[in-house]
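> Okay, here's the structure, questions in a sec.
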């Protein structure tokens, strides 16, 4: 992956913000609680290895990803074998020995998984597993006492397996109404009584639960969205126990500036017509970069002023109405701060009627990531080259 890029569009990742958010969570939950840094989906679009290393430096003790490939990628990129990595999604039984050899723990939730995984035993290294219990999310997890006890029996009978953890996932921890959260929490407590083995790790808290209920998270918290400085929901913004620092910003530069007359039209479909003489700037970012067509009419920052996107967003470019003539090369901020004004990830999410999680995840590999510490560039990643 190249350290240079040749296009006037880039994302900036503030690693100091990541560090602060992890340290703040550690202080919030207490020293007896491990912080598991969730770096799936390329660390929510921020950069997996850079965020992982920063989170570990800040005090996280483990990493979590969505599937085995992501875990193996972290190992290849330099995360040492002494750092445990948990795969949160399903993994085929035949890959269990590979995971074990790389100190990658797998999520298990079916007894028949063990029946198939045993075929590949004995393993050179035992496999750590985390048993997932479905307390009401309805996604992955065992639901009955029989299922749980069958898995426990399989683990007890085969030295290739170690029950390292048991966990569940809350569906509504980020909502003000706590009824369903309380139901899931009580269900988890009840299901834990089915275990004849006490695993070292018991975890139920995502970012929302960790922030709101530090007394109900057992001994580990899976720190995802708020590690990146984003509130788990709009409802939770007023409930945050400490301020979060947003790590992701997105920028570009004007590549063309022109004056159009009233009545002239802009972009595909000729959906925008200038009412009077206007200055129009072209910005080299489009929906192939994850800046969706639905961003039409959204305003970005240029020279500290709000400039609306006019006409349809193209695959690689878009046009904005400038407040006045500006030179080619002027910086355009799509997410982030400029001259005291700020556009947040939440602002973008609200415009396209989605959640903040989706925005940095959507910004594609075509957009280089610049990593900052102490406001200085320490690394550039360009996945195109």
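Numbering starts at 1 and runs along the chain as displayed.
Each residue, glycine too, has its Cβ placed from N, Cα and C.
Below, the features straight out of Swiss-Prot:
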MOD_RES   40  N6-(pyridoxal phosphate)lysine
ACT_SITE  40  active site, proton acceptor
BINDING   139, 315  substrate binding site
ACT_SITE  268  active site, proton acceptor
> Residues with Cβ closer than 8 Å to the Cβ of the residue listed as 'N6-(pyridoxal phosphate)lysine', same chain and 6+ apart in sequence?
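Residues satisfying the criterion: 64, 65, 66, 67, 70, 88, 224.
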> Report, in whole Å, the straight Cα-to-Cα distance of residue 268 (active site, proton acceptor) from residue 315 (substrate binding site).
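The Cα atom of residue 315 (substrate binding site) is 11 Å away from the Cα atom of residue 268 (active site, proton acceptor).
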> Measuring Cα to Cα, tell me the gap between residue 268 (active site, proton acceptor) and residue 139 (substrate binding site) in whole angstrom.
41
> With every protein chain in view, how many other Cβ atoms are within 10 Å of the Cβ of residue 315 (substrate binding site)?
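Neighbour count, Cβ to Cβ under the 10 Å cut-off: 11.
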> Look up residue 315 (substrate binding site) in the DSSP assignment and reduce it to helix, strand or coil.
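Looking at the DSSP assignment, residue 315 (substrate binding site) belongs to neither helix nor strand, so coil.
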> Should residue 139 (substrate binding site) be counted as helix, strand, or coil on the basis of DSSP?
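Note: residue 139 (substrate binding site) is coil by DSSP, not helix or strand.
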> Return the residues near residue 139 (substrate binding site) by Cβ distance under 8 Å, restricted to its own chain and a separation of at least 6 in sequence.
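Listed in sequence order: 169.
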